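J.: Sharing the features that TrEMBL gives for it:
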SIGNAL    1-24  signal peptide
DOMAIN    79-159  domain 'Cadherin'
DOMAIN    160-268  domain 'Cadherin'
DOMAIN    269-383  domain 'Cadherin'
DOMAIN    384-488  domain 'Cadherin'
DOMAIN    488-605  domain 'Cadherin'
TRANSMEM  615-636  transmembrane segment
Amino acid sequence: MRITSTSCICPVLVCLCFVQRCYGAAHHGSIKVTRNQTKHVEGETEVHHRPKRGWVWNQFFVLEEHMGPDPQYVGKLHSNSDKGDGSVKYILTGEGAGTIFIIDDTTGDIHSTKSLDREQKTHYVLHAQAIDRRTNKPLEPESEFIIKVQDINDNAPKFTDGPYIVTVPEMSEMGTSVLQVTATDADDPTYGNSARVVYSILQGQPYFSVDPKTGVIRTALHNMDREAREHYSVVIQAKDMAGQVGGLSGSTTVNITLTDVNDNPPRFPQKHYQLYVPESAQVGSAVGKIKANDADTGSNADMKYTIINGDGSGVFSISTDKETREGIISLKKPLNYEKKKSYTLNIEGANTHLDFRFSHLGPFKDVTMLKIIVGDVDEPPLFTMPSYVMEVYENAKIGTAVGTVTAQDPDTANSLVRYFIDHNTEEDRYFTIDANTGTIKTAKIFDREETPWYNITVAASEIDNPELVSHVQVGVRILDINDNPPELAREYDVVVCENAKPGQVIQIITATDKDNSANGARFHFSLDEGLSLNPNFTLRDNEDNTASILTRRKRYSRTTQDTYYLPVLISDGGVPPLSSSSTLTIRVCACEKDGRVRTCHAEAFLSSAGLSTGALIAILLCVVILLAIVVLFITLRRSKKEPLIISEEDVRENVVTYDDEGGGEEDTEAFDITALRNPSAAEELKYRRDVRPEVKPVLRHHASSSLDSIDVQEFIKQRLAEADLDPSVPPYDSLQTYAYEGHRSEAGSISSLDSATTHSDQDYNYLGDWGPEFKKLAELYGEIESERTT
């Protein structure tokens, strides 16, 4: 039963004895819960009430880390039912009962048998009950109480996150916060000073300090310079018991690094520098380096170099190497010792990232002077021009002079120069050069239409020092002469329609000339004058380098002549003028009314039918397949054995043959049994297939002889009677259908068998209006009519 009030009704008197080791005395106390006495009221009987506890202790205390040889006394339980005669038995249950905590069941004394650690478990919940030893019946309800483990200072403060690594900018103000450290103590912070921690600094003074209560580390000096000292190791101590003597302590290390700020300007180690550069140095190459020192690091040491003045600012340039922070001096223009032997440069190095807090330490830049000495070098010959362009006419004779190159020794010695051509390419072999004068000549006959331009490389070297060689590019342009006659620009497919009119333009032709525009830009077209006048076609020069082909007459016929040839003479305007003759092929084709070509030659018959080549091939394949099927069918029919005797109906009608012998006379499902019982009647009118019959059926003869004299309806009736009375017909129903067309039509015959013998004066011009499907028919009748008229 949990006790939550100071006035709980319970007949148990609990006596709690608590020992305070820290005070040096043990207080054994027992609180009795007195039972309420029975009240006697006059005139009333005695009334019994439930007993109440006057006061209840629900907590015991036991010190942790008990090291004594005897069990530690915790307290005492006592019931007011206990008269001291041993009849009451005390029972203890709950956490640690029987193992950690034991109870004397007679006296109610509770002892702790083990050393307890508050940091592992702060309290234990137990239950106590008093029972009658003889009956084992409870004398009162079960009571719940707590045994708390009382803390002692047995845990030192600990820094769980140490050691620490932290940075702080150099030149920071005094008192700048660096880091806050925190130590934890596992002891009870609510009891005594066991967990009350204070901080102190053991190492790192006088540069840093620590707040005793908060553990905040701060700078203790002004303007701490990274360049003087960069790293510091600070040891911080945390001590419990508020720092008193006997308290436990722990420590940690804080490694503090000062970070750089731009508080140091760049400085050149020297105020004057000297650099030697040979005159043979290549333009764009690096010729020297210079560097200004900066005590800062990182971006605070970045700088930029510039040439601020000097007579060499136009000849040299300077750039900054980002990695080494050096100034790279490069050559902008060629050097010539004979013209200028030295240059002077004023170079400035300045920081690019400035911190205005330290501007009073500036200026953050420095200037030095650099003198560049130009060295004399034996140089190769120098051509008067960086490149040459020369010209020569095509078809020029071998040995024709093209041009001359000139080179000189730039040194004061002025040595003689020798010229030659590097035969590294095929083009270099087409020219020769005079070694002394530098005159270039041809070594072959050139054709401009084949190659209009040549590039060669000419070299020059000093006679005294052949290893010094210089080169120059020479371009040779081949000039044109009029050596190619003009010709048609392409192969023309000229078509003339059968219904063309006189003077109609059927083609426009152009010409081309391999020579350039100066020798043949103007072309003249004409017909060959050596031939007779062409009655069919003529040519007209349009005077714009084109010519038109025109018709001279009308009505061209493919059947009469389907191809014409027209010789054309073309001449250019060069000096001297050249000409050529070409022949145009003109085809006669059938055209639509709007001039579109419909067909030419024999293709007209295929085109008029609207069939393509693929469609014709498909039709031929179908015909071949049908023929193969027919041949196969005939072969199979011949391979079968045919009967020698057939009935008359085989000639007249379709006969269905059953290769079944039947089921005898009992089988009445497939055949008429009457016909089977009289086979002689069926065989009388059958004939052998291989013998001409001598007797003809009377009914058929009668029907045939009177076919022309009787009516068709009567003929059908006769045929029906013949089929009904003929005993030789198959023994199953057969349906024969005769379609009666009626009397003879009054209209004449539409057969064309006799139409070829008659002549008609009908006009067939209307066939041309029936569409493209009837074009061929209209042409055929048009030609027949034309021939008849002629």
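We count from 1, first residue shown onward.
Heads up, the Cβ atoms here are built off N, Cα and C, so glycines get one too.
Keep in mind it's a predicted model, so treat the numbers as computed, not measured.
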J.: Under DSSP, the domain 'Cadherin' (160-268) has how many residues in helix, strand and coil?
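T.: Counts, helix then strand then coil: 3 helix, 45 strand, 61 coil.
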J.: By DSSP, how many residues in the domain 'Cadherin' (79-159) are helix, how many strand, and how many coil?
T.: 0 helix, 35 strand, 46 coil
J.: Quick one: DSSP breakdown of the domain 'Cadherin' (269-383) into helix, strand and coil?
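T.: Its residues fall into 10 helix, 53 strand, 52 coil.
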J.: Reported in the order helix, strand, coil, what are the DSSP residue counts of the domain 'Cadherin' (488-605)?
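T.: Looking at the domain 'Cadherin' (488-605) with DSSP, the answer is 6 helix, 54 strand, 58 coil.
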J.: So what's the mean pLDDT when you look at the domain 'Cadherin' (79-159)?
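T.: Mean pLDDT across the domain 'Cadherin' (79-159) comes out at 87.
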